[in-house]
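Trainee: After the structure tokens below, expect a handful of questions from me.
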Amino acid sequence: MVLCWLQATQLFNTRFSSSLLTKILPGMAAERPSSDMAAFRQEVKDAKHVLILSGAGVSAESGVPTFRGAGGYWRKWQAQQLATPEAFSENPSLVWEFYHHRREVMNSKHPNAAHKAIADYEERMTKEGKNVVVVTQNIDELHKKAGSKNIIELHGTLFKIRCTVCGEVCENRDSPICEALHGKGEPDPSNPDAAIPAAELPRCGKCNGLARPHVVWFGEGLDKDVTQSAAGHIDLCDLCLMVGTSSVVYPAAMYAPQVALRGVTVAEFNLESTPATDCFKYHFEGPAGTFLPQALAPF
């Protein structure tokens, strides 16, 4: 059975409910998911191709701001107001202040126990000739810092820039990213806009055009090569872990339900239930940094 993408788009663009989800995933959610760690670990032991889907929740455990929900503001703006092509076109200085701040914040953040458990598990599985791939919505590279190597970054990364003129993409870890942003980007609402001229903002090393963060903004589609790569693992995996994701951001929100639709075990690790929880075999409610080291520990 193949899930209709039109149904999926309509469903997730309206922030689906679990009751709606079960209508397109018949036969699932017959009972509440299990929290039997011993039973889940046996499935971990038997798995050969594991897909790990990670979201903002796992980074939040490292103290990374999510800019969502109550108090999730940078100055007087939420991410949805700044992370758009329109905002960048109107005020590239302000948008770059926001992303410069986020880059600088990451200099003081480190992988937590969940990131490390995933990286250690991948290393062990690789030695056994098995596969673990992390498909993440996060742009902070904490999975990479922890040692994970097989990573698909759905939304890009804070540490790459893309030219708005020629499209050149390059890694950039400079701190500050440009001299004009030195000391800028503080989130205090009383801080004024730095109003940096476009000529002094990050530039392309190839053509000197204005560069932007190489991230997927609201209103933009995901890179086709990235989504195709993720789709391949969705089709191949024999176990799926969903870690710290709210299951409301499309299209990533469809990945775990697609896996479950094939009859493959999905285990959700989250601080609370999500709209998709009842469609999965396992649900472990609490910090991923507490549960994942136990779930993925060596046998």
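All positions are counted from 1 along the displayed chain.
Cβ from N, Cα, C; glycine included.
TrEMBL does not curate its annotations; it predicts them automatically.
Dumping what TrEMBL says about this protein:
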type	residues	note
DOMAIN	30-299	domain 'Deacetylase sirtuin-type'
BINDING	55-74, 137-140, 244-246, 270-272, Ala288	NAD(+) binding site
BINDING	Tyr99, Arg102	substrate binding site
ACT_SITE	His155	active site, proton acceptor
BINDING	Cys163, Cys166, Cys204, Cys207	Zn(2+) binding site
Trainee: When the Cα of Cys163 (Zn(2+) binding site) is compared with the Cα of each of the binding-site residues Gly55, Gly63, Tyr99, Gln137, Gly244, which one is closest?
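Mentor: The answer is Tyr99.
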Trainee: Averaged over the domain 'Deacetylase sirtuin-type' (30-299), what pLDDT does the predicted model reach?
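Mentor: 95, rounded to a whole number.
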Trainee: Hey, what's the Cβ neighbour count for the residue listed as 'active site, proton acceptor' at 10 Å?
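Mentor: A 10 Å sphere around the Cβ of the residue listed as 'active site, proton acceptor' contains 19 other Cβ atoms.
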Trainee: Given the binding-site residues Tyr99, Arg102, Gln137, Gly244, state which is nearest to His155 (active site, proton acceptor) when distance is taken between Cα atoms.
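Mentor: Checking each of Tyr99, Arg102, Gln137, Gly244 against His155 (active site, proton acceptor), the shortest Cα distance is to Gln137.
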Trainee: Sort out for me which one of Cys166, Cys204 has the most neighbouring CB atoms within 10 A, since those are the binding-site residues we care about.
Mentor: Cys204
Trainee: I need the nearest neighbour of Cys207 (Zn(2+) binding site) among the binding-site residues Ser59, Phe67, Arg102, Gln137, using C-alpha distances.
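Mentor: The smallest Cα gap between Cys207 (Zn(2+) binding site) and any of the binding-site residues is with Arg102.
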Trainee: Take the Cβ of Ser59 (NAD(+) binding site) and count every other Cβ within 10 Å, whichever protein chain it belongs to.
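Mentor: Its Cβ has 27 other Cβ atoms within 10 Å.
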